[in-house]
Amino acid sequence: MSKPIQMEKGVKYRDADKMALIPVKNMPTEQKEVLRKPDWMKIKLPADSQRIQDIKSAMRKNNLHSVCEEASCPNLAECFNHGTATFMILGAICTRRCPFCDVAHGRPLPPEAEEPTKLAKTIADMKLKYVVITSVDRDDLRDGGAKHFADCNREIRAQSPHIRIETLVPDFRGRMDVALEALKDNPPDVFNHNLETAPRLYRKVRPGANYQWSLDLLKKFKEQHPDVPTKSGLMMGLGETKEEIVEVLKDLRAHGVTMLTLGQYLAPSRHHLPVERYVPPAEFDELKEIALELGFTHAACGPFVRSSYHADMQAQGLEVK
């Protein structure tokens, strides 16, 4: 039996080291077991460009992180070329160890006090009109990092008065009321929190999270800020059924959520949860129709859709696939 990993503060643990700490064990996927990607999942990546390098340089210069890089998003090149990025605050080390996610796990360092100011300056320099701010889970902080989100919102608006801000927040486990109080005076323009999957799969996919808690977070924020749209996203291909997804959509609507993203899950490595099924584009189209019938004002559904993929277009109600 191998010895448990002794985590050092500030050290990133990935792949096998990260997965070794999960209560529900996921065996490494053998190459012969990996599902082959269908034709609709094969895309030609845009060539590296000066725009991509400029965004990466701005991130490095100010010690900022993007979830695009940390989570190995397949849309990175397209979004960076488009001049958009999803900034990840509160460091690049998560206190959770979800087996679908490529963000590193470990004991994070204290929040950087100057990060909101540096983030706001970088965004102003990039002349962005719409920005998405997300974070790792910070179960080590009393408010789960909510005040840091609020500070970032305030500083960004101070330097870019006409910008729209979308926050993709963690679940603030055990700290919901404290977190919502911290966000009260500086809320975003769109409040996003992902349910990720059907409740039956939570123990395997989101260990440490609770389906009803996440729904309640979305509902309570909406009750406090009725003019701010709430948004959530799900991954497809983890073993869920279509019927389960439809039930989740109904739950989201019952809790006031009006914006939705549905995308195909892609395994970051053989140590992560394997892809159980590649969902055809036609099925995404069908789920979009169902979502709109249920009352969602906008639903971005497609194999390559991610929570923040063309989030500016999503917020305008434009077609995103």
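Every residue, even glycine, has its Cβ placed from backbone N, Cα and C.
What Swiss-Prot says about this one:
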- CYS68, CYS73, CYS79, SER308: [4Fe-4S] cluster 1 binding site (BINDING)
- 80-297: domain 'Radical SAM core' (DOMAIN)
- CYS94, CYS98, CYS101: [4Fe-4S] cluster 2 binding site (BINDING)
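Annotation: SER308 carries the greatest number of neighbouring Cβ atoms among the binding-site residues CYS101, SER308 [cut-off 10 Å, Cβ to Cβ]. In the three-state DSSP reading, CYS101 ([4Fe-4S] cluster 2 binding site) counts as coil.
When averaged over the domain 'Radical SAM core' (80-297), pLDDT in the model lands at 94.
Taking the centroid of the Cβ atoms of CYS94, CYS98, CYS101 as the [4Fe-4S] cluster 2 site, the other same-chain residues with Cβ within 8 Å of it are ARG96, ARG97, PHE100, ASP102, VAL103, HIS105, VAL136, ASP137.
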